[in-house]
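Before any comments, here is the structure.
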Amino acid sequence: MNPEYDYLFKLLLIGDSGVGKSCLLLRFADDTYTESYISTIGVDFKIRTIELDGKTIKLQIWDTAGQERFRTITSSYYRGAHGIIVVYDVTDRESYANVKQWLQEIDRYASENVNKLLVGNKSDLTTKKVVDNTTAKEFADSLGIPFLETSAKNATNVEQAFMTMAAEIKKRMGPGAASGGERPNLKIDSTPVKPAGGGCC
């Protein structure tokens with residue numbers, strides 16, 4: 001057992017391009033935000049260690065690094081994930097409609113008992129909102145997964161989203177399943193990607 005942490009959880013952020021996945025990651029891991037974030041900057045993952053119920057949990061949070069623009073993310077990305085956060089943009093109805101497709105990807109590639117969380121991002125853009133909170137909540141409830149609206153821009157519920165996911169995974173794994181000793185093989189893809197403009201509130 002590594003003395004630095006009790007658990008190591010691999011989390012994934014998936015969803016359509018431009019919904020703010022990278023901004024959520026930067027807000028949670030570094031507490032930073034930028035309007036001019038390049039969607040394909042190629043951040044593979046960030047790490048943040050949290051305390052939960054007296055346990056030290058190391059979260060390894062993976063971003064799609066722009067792959068989602070091609071609608072398919074390689075199956076290896078899902079391998080070994082403990083939790084997957086599906087993100088849509090509350091001002092973009094299509095990104096919400098595509099949540100079902102992302103959930104199908106999870107069913108196809110991720111482990112059967114992986115924890116899921118639905119996140120509606122950009123909640124600060126209240127005047128542009130087109131996806132109703134109640135609609136999304138009912139959909140998430142029907143699937144038995146937690147749901148939160150977040151804003152990476154003003155940090156609303158960002159901490160809560162990742163803490164909720166960590167708590168759900170910890171609950172599923174039980175007290176005897178500390179994964180601190182498991183070392184997932186890290187394969188960092190260094191393929192250069194073409195930057196594309198666009199912010200991600």
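Every residue gets a Cβ built from N, Cα and C, even glycine.
Taken from Swiss-Prot, the feature GTP binding site covers 17-23, 33-36, 39-40, Gly66, 121-122, Asp124, 151-153, and the record attributes it to similarity to another entry. Of all the Cβ atoms in the protein chains shown, 29 others lie within 10 Å of the Cβ of Gly20 (GTP binding site).
In this view, Ser22 (Mg(2+) binding site) is surrounded by 25 other Cβ atoms within 10 Å of its Cβ, with every protein chain counted. Taken from Swiss-Prot, the feature Mg(2+) binding site applies to Ser22, Thr40, Asp63, supported by similarity to another entry.
Positions annotated as S-geranylgeranyl cysteine by Swiss-Prot: Cys200 (among others).
Among the features that Swiss-Prot reports, S-geranylgeranyl cysteine is placed at Cys201 (among others).
The N-acetylmethionine annotation in Swiss-Prot covers Met1, and the record cites similarity to another entry as its basis.
Per Swiss-Prot, cysteine methyl ester is recorded for Cys201.
What Swiss-Prot records for 64-83 is region 'Switch 2 region', and it gives similarity to another entry as the kind of evidence. Model confidence over the region 'Switch 2 region' (64-83) is summarised by a mean pLDDT of 76.
Look at Swiss-Prot and you will find 174-201 tagged as region 'Disordered'.
According to Swiss-Prot, the motif 'Switch 1' annotation covers 30-45.
According to Swiss-Prot, the motif 'Switch 2' annotation covers 65-80, on the basis of similarity to another entry.
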Distance check, please: Cα of Ser17 (GTP binding site) against Cα of Asp63 (Mg(2+) binding site), rounded to an integer number of angstrom.
11
Inter-residue Cα distance where the pair is Ala152 (GTP binding site) and Ser22 (Mg(2+) binding site), in Å:
9
Within 10 Å of each Cβ, count the other Cβ atoms and name the one among the binding-site residues Glu35, Asp63 with the highest count.
Asp63
Given a 10 Å Cβ-Cβ cut-off, pick out the one of the binding-site residues Ser17, Cys23, Ala152 that has the most other Cβ atoms nearby.
Ala152
Return only the integer: C-alpha distance in Å from Lys122 (GTP binding site) to Asp63 (Mg(2+) binding site).
17
CB contacts for Lys122 (GTP binding site) [other CB atoms within 10 A, all chains]:
27
